[in-house]
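Below is one structure; the comments refer to it alone.
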Amino acid sequence: MFCIQCEQTLEAPKKKGCAYATGMCGKTAEISDLQDVLVYILQGVSYWADLAHKFDIIDDEINHWAPRAFFATLTNVNFDRERILALANLAENYKTRLKQAVIAATTLAQQPLPTLPTVAEFTLPNTIDAILTLAPQVAVNRGYETINEDVIGLRLLCLYGLKGAAAYMEHARVLGQTNNAIYAQYHHIMSWLGTDPTDLNALLECSMEIGLMNYKVMEMLDLGETNTFGHPLPSQVNVKPIQGKCILVSGHDLHDLEKILQQTEGKHINVYTNGEMLPAHSYPELKKYPHLVGNYGSAWQNQQLEFANFPGAIVMTSNCLINPNVGKYADRIFTRSIVAWPGVAHIEGDDFSQVIDCALALDGFQHTEIEHMITIGFGRNALMNAAPAVIDQVKQGNINHFFLVGGCDGAKEERSYFTDFAAQVPQDSLILTLACGKYRFNKNNFGDINGIPRLLDVGQCNDAYSAIQLALALANEFDCSINELPLTLVLSWFEQKAIVILLTLFALGVKGIYTGPTAPAFLTDNLLAIIAEKFDMRSISTPEADLNTILSA
């Protein structure tokens with residue numbers, strides 16, 4: 001086992017990364033190795049898809065499936081051996097299908113096949129023992145014994161960034177947004193990474209290409225969400241329980257939430273969101289359901305306590321899932337899509353009757369607590385509508401700085417930095433927030449500036465796209481670059497979606513970003529120095545020191 005893709009990975013003085021029987025996320029060495037094999041086969045699929053594209057062969061089924069399968073290897077998604085093996089076997093079949101199509105095309109065109117890299121000729125063994133024996137040869141850090149560690153680090157930066165983009169591609173696909181040019185670019189990058197490149201400059205350029213590609217993917221996802229559910233509206237959400245039977249929906253998939261709301265109409269079941277599903281309450285086509293009653297709980301790392309205390313059925317639509325056996329709720333949590341845990345019921349298709357039956361059989365909340373309302377819903381359209389008023393307050397001198405404070409949350413104590421930072425932001429400043437990092441402070445009262453809330457909840461992690469649109473609008477109004485705005489980004493990272501958003505910001509030329517709580521372990525000191533020099537990325541220190549530096553610039 002070797003895994004170093006998330007923020008909680010082991011970091012010893014002489015060795016970084018999870019490399020023992022179980023990773024910090026809870027996945028076993030076997031699952032980790034199987035995921036490495038799956039990634040390698042997917043790189044082979046992409047090699048043949050990339051080659052097929054040169055002959056105008058486009059296989060929509062494979063294009064739509066490949067990023068989805070890659071998403072299954074993202075942190076806290078799929079822990080189920082049989083499901084990962086099934087994905088690997090299907091990848092092998094798809095690779096063969098593409099290969100046969102390419103061979104037929106080259107024969108027809110009387111052209112020879114190019115010299116094939118190892119990744120293109122890799123064949124999945126027939127037995128689990130043989131697959132696991134082979135796993136170290138295709139590990140994500142393969143060649144580390146002889147290859148410069150900076151090369152390995154940049155390969156991983158690209159691989160993990162592309163994995164985050166693949167997750168957003170799958171979210172967009174679910175909402176009907178596909179783009180063959182994006183799929184072609186994805187396959188080209190994935191294929192190239194499978195050839196184990198060693199050129200540092202080429203790898204840095206690749207990371208920027210991934211960032212720009214992801215910007216387009218986030219635009220697709222924004223379009224899918226707003227076309228399907230309407231533009232988010234500033235909305236009040238109750239974060240306290242209401243008496244009655246209940247279902248909790250976590251993850252990111254608004255499509256699943258809509259299906260659950262439709263199927264629970266008239267059944268006297270209250271539906272709650274959790275984690276990154278909080279923004280659902282601001283979409284007109286979702287908030288119209290009266291039994292979507294509120295948000296329960298906080299960020300993913302608290303679920304083993306919060307889910308244990310939730311007296312109803314739970315649906316996990318995407319990341320982040322952690323061991324449900326710890327809180328003894330494995331018998332009432334259901335996984336969806338590429339999410340899986342051994343022994344946990346998995347919902348195929350759009351029939352949630354199992355979930356509904358489970359909720360009806362459970363006690364539900366016995367009492368209604370005093371409501372506590374928070375404000376959300378400042379997506380792209382709402383931000384653009386508010387922009388004239390914001391600009392006017394800036395010109396009057398009432399708003400002097402903008403902070404984007406958010407990102408992925410996690411369990412480390414150092415993450416209290418983000419709570420303290422938000423609390424210490426000056427009263428003449430606005431705070432934009434997004435992703436589950438917002439739970440560090442989103443229940444606090446930040447007041448307003450002449451009617452403009454000081455805390456603006458932009459949405460899910462992918463709604464960084466909305467924040468970028470506001471920054472571009474402000475830069476246009478004040479005839480300056482984004483980096484010349486009184487705008488500071490303070491981002492917490494945990495997994496691969498955060499990595500690709502960071503790459504997107506870098507690729508768009510955004511500099512001076514503060515990140516934490518720690519630097520990605522897969523980046524060497526040399527690479528961190530290069531990134532700091534090129535993009536002025538800064539590690540967080542203390543809220544007081546960082547605010548002093550920011551506001552005195």
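Cβ coordinates are placed from backbone N, Cα and C, and glycine is handled just like the others.
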Of the candidates CYS206, CYS320, CYS358, the one that Swiss-Prot places in the hybrid [4Fe-2O-2S] cluster site of HIS252, GLU276, CYS408, CYS436, CYS461, GLU495, LYS497: CYS320
Hybrid [4Fe-2O-2S] cluster site shell beyond HIS252, GLU276, CYS320, CYS408, CYS436, CYS461, GLU495, LYS497, criterion: Cβ within 8 Å of Cβ centroid: GLY275, TRP300, ASN319, ALA435, GLN460, PHE494, ALA498
Minimum Cα separation from LYS497 (hybrid [4Fe-2O-2S] cluster binding site), reported as the residue among binding-site residues CYS6, CYS18, CYS25 that achieves it: CYS6
CYS6 ([2Fe-2S] cluster binding site) and CYS436 (hybrid [4Fe-2O-2S] cluster binding site), Cα-Cα, nearest whole angstrom: 15
Densest Cβ neighbourhood among HIS252, LYS497 (binding-site residues), 10 Å radius: LYS497
List of residues, in chain order, with Cβ under 8 A from that of CYS408 (hybrid [4Fe-2O-2S] cluster binding site) and at least 6 apart: GLU7, ALA435, CYS436, GLY437, CYS461, SER492, TRP493, PHE494, GLU495, LYS497, ALA498
Nearest recorded site to CYS25 ([2Fe-2S] cluster binding site) by CA-CA distance, among binding-site residues HIS252, GLU276, CYS320: CYS320
Binding-site residues: CYS3, CYS18, CYS320 - member with fewest neighbouring CB atoms within 10 Å: CYS18
